Amino acid sequence: MTPRAIICLAGPTAAGKSASTLALAQRWPLEIINVDSATIYRGMDIGTAKPSAAERAQVPQHLLDIRDPAQSYSAAEFRADALRLIAEIHARGRIPLLAGGTMLYYKALREGLDDLPQADPALRAELEARAARLGWPALHAELALLDPATAARLSPNDSQRIQRALEICRLAGQPMSALLQGERRGDAPSPYRYVTLSLEPSERAALHARIAQRFDAMLAAGLVEEVRGLHARPDLHPGLPSVRCVGYRQMWSYLDGDIDLDTAREQGVAATRQLAKRQLTWLRAQPERVIIDCLAGDAVARTVDAMARALPD
């Protein structure tokens, strides 16, 4: 029996996924499962380009505002939530559409997860305290001694991944690279076939211009004030996944007095461009990928046509 097809609308940041999603919802009885590690957080609306109340009124949207910024949300939790939602949406006679740009979530859903240790809050706090004293490059150098293969692919300032790699070394007693080469854990195979509609730019410079324009629009809409509200909370700090989101960590540094606003803006745009590059690298390796030029004037219409072809009769 052929597995049921599930459509994924993916693409780099600023590719126009939201506009395409709304157009698709006008034609089919969709429910959106958001594949985004930033829009899960309550109170983080401007910097995540979260769908507005009016947009949410047009189509049911799931996995928005499901965590406080002080909380974490793992790829394993996403996988369980997404599989549950897909089944529930099908049971209602509607069509699930996975939409977003967190590629680790897509990977977890398609392939299952590696048998890596769960996060340890106490150990993470210890690593964050050491990084505050020594800097993340020093911890990157430590990782290079423990797990050279992982350290070689990480920037010395990639705090989130350095922290996770060191955490795994400590908890598992062996390098993360060695664990990733081992057997995958016993996740049940996904009962679905995933078809990716991939919004990709035909010209990189044009996407970069879009990214800069969008970041400036977020600043004009009140991004600094949004982050200021988070910054005032004593339970939030730069080691949390929410604060490490692109745009938020740069504004946090500005509010800490480490950099001026112009520098924060430049760093935010640069970090968004780097994120888009990583997203595109992942997308280009996906099977059953239908490419749509997100810069085309009729990109939304092309997405609708691609969806019509991808859905089973």
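Glycine too: its Cβ is placed from the backbone N, Cα and C atoms.
Small disclaimer: the values here were computed from a predicted structure and weren't measured.
In Swiss-Prot this protein carries:
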- Gly11, Pro12, Thr13, Ala14, Ala15, Gly16, Lys17, Ser18: ATP binding site (BINDING)
- Thr13, Ala14, Ala15, Gly16, Lys17, Ser18: substrate binding site (BINDING)
- 36-39: region 'Interaction with substrate tRNA' (REGION)
- Thr102: site 'Interaction with substrate tRNA' (SITE)
- Arg124: site 'Interaction with substrate tRNA' (SITE)
- 160-164: region 'Interaction with substrate tRNA' (REGION)
- 244-249: region 'Interaction with substrate tRNA' (REGION)
For the C-alpha pair, I'd like the distance in angstrom between Gly16 (ATP binding site) and Thr102 (site 'Interaction with substrate tRNA'), rounded off.
15
Cβ-centroid neighbours of substrate site Thr13, Ala14, Ala15, Gly16, Lys17, Ser18, 8 Å, sequence order:
Gly11, Pro12, Ala19, Ala49, Gly101, Leu199, Cys294
Within the region 'Interaction with substrate tRNA' (36-39), residues counted as helix, strand or coil by DSSP:
0 helix, 0 strand, 4 coil
So how many of the residues in the region 'Interaction with substrate tRNA' (160-164) end up helix, strand or coil by DSSP?
5 helix, 0 strand, 0 coil
Please work out the number of neighbouring Cβ atoms within 10 Å of the Cβ of Thr102 (site 'Interaction with substrate tRNA'), leaving out its own Cβ.
19
Other residues near the ATP site, CB within 8 A of the CB centroid of Gly11, Pro12, Thr13, Ala14, Ala15, Gly16, Lys17, Ser18?
Gly101, Leu199, Cys294
Here are the binding-site residues: Gly11, Pro12, Gly16. Which has the lowest count of other Cβ atoms within 10 Å?
Gly16
Over all shown protein chains, what is the count of other CB atoms within 10 A of the CB belonging to Thr13 (ATP binding site)?
21
Positions whose Cβ lies under 8 angstroms from the region 'Interaction with substrate tRNA' (36-39), at least six residues beyond its ends:
47-51, 63-65, 73, 100-102, 104-105, 241-242, 245-246
For the recorded positions Lys17, Arg124, the one whose C-beta sees the most other C-beta atoms within 10 angstroms:
Lys17
Which ones in the same chain are close to Ser18 (ATP binding site), with CB under 8 Å and 6+ residues apart in sequence?
Ala49, Pro51, Glu55
